[in-house]
Amino acid sequence: MQKVQMAKKVNLTGTRLICLTMCFVFGCWIVTLAAFPTTHMLNYLNTSVLMNKSTSFGFSGVFSALLAGPLLLLVALALIYLQLSATNDTSKVGDKKKERGRRRVLFGTNPIVVRSWFGVLSSAEVLWIVAFIAIVIWMLANYMIHDFDEANRTISISKPSETLWGKKLKKTGFRLGFIGLVCLNLLFLPVSRGSVILRVLDIPFEHAIKYHVWLGNFVMTIFTLHGLSYCIAWFSEGCLIKLLDWKPYKVANFPGLIALLTGVTMWSTSIQWVRRKRFELFFYTHQLYILFIICMALHVGDFTFSAAFSGIFLFAFDRFLRFCQSRSTVEVLSTKLLPCGVFELVLAKPQGLKYHALSFVFLNVPRISSLQWHPYSVTSSPHDGNDQLKILVKPYGDWSLKLQDMVSQAVKPMPCPFSINVAVEGPYGHESDYFLWYESLILVAGGIGITPFIAILRDLLHRHQRQQPNLPRDLTLIWAVKKSKELQILDLVSPSSICPDYDMKLNLNVQLFVTQEEEEAEAAEAEPVISHEYRITQTSGFKDVQYSSKKSCILSSLYNLEASKKPVSNLVGTGSVFWVGLSLIASFIGYIIVRSFLDHCYNSHGRVSWSLQGFFSVVSLVLGIVVFGGTVIALWKRSDDQIKVVDSESTQRLIDVDDDSTILANECGDHLVFPSDTHIGQRPNLKELFEMSTKQQRGSVSMGVLVCGPESLETSVAEVCRSLNSNHDKTHQVQFNYHSVSFDL
């Protein structure tokens, strides 16, 4: 016992040291960027380039060490941190851990800007935005001071057609291009779904995507100004034809023009209106990023990868790992179809695949489209069982409507078994169950936004049943829907079947609002279902359970007994830290080997053009990841395949237990939907409901507020949190911590 406690203390000390080291490395990287435009750094760079000119990587090697090196070092430290954290016991949440968690999220969960172009901003996000803009302005200002002074001194030896202001404009364009490349390093990090850096920061992909949008707008603005600066200067000199230049040993302008046009195309189709109304147009044009990277490399040679190598490398590795995971299709074990059209899919999950109550997966159905992937929240709790993973799907667009048709056809009685094969990427999400850090929780959902909160309800009930300490004792669920039939989704949660005495352990307050129906016409629909008739019919290969009653909770369920029970693949960036780290190291070593080999082969034939060097960088990166990293991933997959697939009998028992608990809940009246808590034809008064939830609180209380729904709902919740945080009195010192769980691509 003492050895175990000592090992935990060593791991805790190690994680703290790693955190301090990561902060130090990040600080050094920021200082390096700030010092780049200074005279001393420029002189140092010139000296270093001359000293390393004869080496394999030469000019690009110096910049790679200064710009890409710190981020790669942060990745290595993050892997060590995650490995040490994985050995700690995270099943229980102690007082000290909860207090550290509250302090950690307090700065990032206080909304101070609500209605802005950026959306809802916390204190931490405002600070980072200000710091980022300050560094960019500092770099550009110092570059302009240095370059303008040099232009004034060298104008006498310039070309006859070149003017002073034209020369300054081209210098400014050059510096804008360099700053854009540095920011390009950061642009790809938020869209690396399994990024170890995001995992250490506990920033899930659905939150990080907005940072990618911000950086994308900024980077494309910088690159557009970069291109316009040269176009205006060349037009004034009468040599706009230089846009088509492709000189071997200088910057190739024509590939740069293609890269800029490609970037502008992606930029123009990524505005919010296009993403929501024409998502496929946005999705397919965004695949032009491959052409963008290749043309950028041809434009400025391997200098692209010296300034933006780490971001592109990490994204390419994550994309290849996602490709490997998605090659394995999974057969749906069972499905439930509700009268409101929402249906549940149950997938097999290997025991080694970890996820949290707020995790999500990307789903692809090859029979519908091999290219379209859609994100869905996981509605099951990790404590529901080691062999299953559940998601809820609400038909909305063409893709989900086609999937609904497949489910509807499957649940009809037929003489042959149904088969729905899907490909899965994930699960992704938070690295920790942060909602456990609060004494009280308020969950605000709109429409199908209830799905992640179903997982939280199940998770809390399981934890209370296991008598884990320091769990939230008060939970308020506020759910607004358009039609009362959508309330049937909550019937999928059977509190008593998970925790029989849950009402003594968890103060659960459910407030439901039906916004587009009148009370007289729909009051009966809000009554809980108290009786069902059901029959079980066994046929060849599938088990069909049909419920029939006046107001049935479940229209039909279908269990595929002949499914292969092949689980979701473990090949995911949020999976084994050991295999992810080994694959990353192999990919990086492979890049160095391939690049050195290509340089050695072509340097023997003479000087290599800039564009060819850039092409070598792209080829080396791809081969390093696919060949060297792919070899390690193949070994990972082989070890994963040796894990026993989900046992058919145990899976069937879990399915039967889940089905029986739903039937028992319906017969015994174990519901979360009651007429007294259902408000027909009303919208929730969030401020009033929030204040009611604080009446029973005493002293200083930290309350977690989680919202999942449309943007207008997020804004309203953030405004209420900000208002109450600024107006709380001495008797009710309640801090409302805002968390958005919504997913918006």
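Even glycines carry a Cβ here, placed using N, Cα and C.
Taken from TrEMBL as is:
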type	residues	note
DOMAIN	325-434	domain 'FAD-binding FR-type'
TRANSMEM	12-36	transmembrane segment
TRANSMEM	56-82	transmembrane segment
TRANSMEM	126-145	transmembrane segment
TRANSMEM	173-191	transmembrane segment
TRANSMEM	211-236	transmembrane segment
TRANSMEM	248-268	transmembrane segment
TRANSMEM	288-317	transmembrane segment
TRANSMEM	435-457	transmembrane segment
TRANSMEM	571-594	transmembrane segment
TRANSMEM	614-636	transmembrane segment
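Residues of the same chain lying 6 or more positions beyond the ends of the transmembrane segment (614-636) and with a Cβ under 8 Å from any Cβ of it are 60, 293-294, 296-305, 309, 312-313, 316-317, 320-321, 324, 570-571, 576, 579, 582-584, 586-595, 598-599, 602, 608. Of the candidate ranges 56-82, 126-145, 173-191, 288-317, 435-457, 56-82 contributes the most Cβ pairs within a distance under 8 Å of the transmembrane segment (12-36). When each of 126-145, 173-191, 248-268, 288-317, 571-594 is scored by its Cβ pairs under 8 Å to the transmembrane segment (56-82), the top-ranked stretch turns out to be 288-317. Assigned with DSSP, the residues of the domain 'FAD-binding FR-type' (325-434) fall into helix, strand and coil as follows: 17 helix, 37 strand, 56 coil.
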